[in-house]
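Taken from Swiss-Prot as is:
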- His126: active site, proton donor/acceptor (ACT_SITE)
- Cys187: active site, acyl-thioester intermediate (ACT_SITE)
- Arg196: site 'Transition state stabilizer' (SITE)
- 1-5: topological domain 'Cytoplasmic' (TOPO_DOM)
- 27-210: topological domain 'Extracellular' (TOPO_DOM)
- 6-26: transmembrane segment (TRANSMEM)
Amino acid sequence: MNKQRIYSIVAILLFVVGGVLIGKPFYDGYQAEKKQTENVQAVQKMDYEKHETEFVDASKIDQPDLAEVANASLDKKQVIGRISIPSVSLELPVLKSSTEKNLLSGAATVKENQVMGKGNYALAGHNMSKKGVLFSDIASLKKGDKIYLYDNENEYEYAVTGVSEVTPDKWEVVEDHGKDEITLITCVSVKDNSKRYVVAGDLVGTKAKK
């Protein structure tokens with residue numbers, strides 16, 4: 001085999017490998033979005049579990065990659081509701097407690113004994129730095145944007161009051177503040193776990209779910 005042929009084969013192999021490396025993140029992102037859509041469709045008309053939430057320290061959970069999100073299996077026994085944010089086209093299951101497994105499939109509760117529409121309803125979600133996947137888009141929310149929670153009986157409507165950036169030790173953001181509100185928390189990026197984006201919103205209405 002002459003040198004020219006060897007060079008050609010090596011060049012082709014490098015091209016193929018390069019294409020795979022470049023294309024894999026896009027493929028994983030597509031699969032993650034597809035899995036998320038399937039999860040939402042699966043929970044939209046199901047009977048949700050009771051609000052029996054527990055505290056799990058999510059700060060000790062490693063940041064997953066898109067392939068892990070795409071391959072995660074939704075545990076329907078953990079689903080207690082659904083969250084919808086129309087302004088960023090977000091639709092996710094709400095799962096009880098921020099376990100590693102639950103955070104791969106949707107938004108997860110942060111505190112013990114959380115009840116939708118009462119006190120500070122806090123939810124955590126991964127920022128995958130990929131539009132349309134989990135909590136990647138919540139930092140772009142604006143004051144007045146609507147957030148909707150759903151359980152078996154009701155739709156809870158919240159209006160965003162602000163978005164801030166805090167360090168992970170600022171647990172006061174999820175504490176009750178004497179009003180009915182919502183708090184959404186995520187890392188600032190898939191590569192940066194040193195700070196959190198925090199979205200705050202006030203409850204503006206509750207009505208029976210259609």
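Cβ atoms here come from the backbone N, Cα and C positions, even for glycine.
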In terms of DSSP three-state secondary structure, what is the assignment for Arg196 (site 'Transition state stabilizer')?
strand
All-chain count of other Cβ atoms within 10 Å of His126 (active site, proton donor/acceptor)
24
Which chain-mates of the residue listed as 'active site, acyl-thioester intermediate' that are at least 6 residues away have a CB under 8 A from its CB, listed by sequence?
Gln63, His126, Asn127, Asn193, Lys195, Arg196, Tyr197
Near Arg196 (site 'Transition state stabilizer'), how many other Cβ atoms are within 10 Å of its Cβ?
22
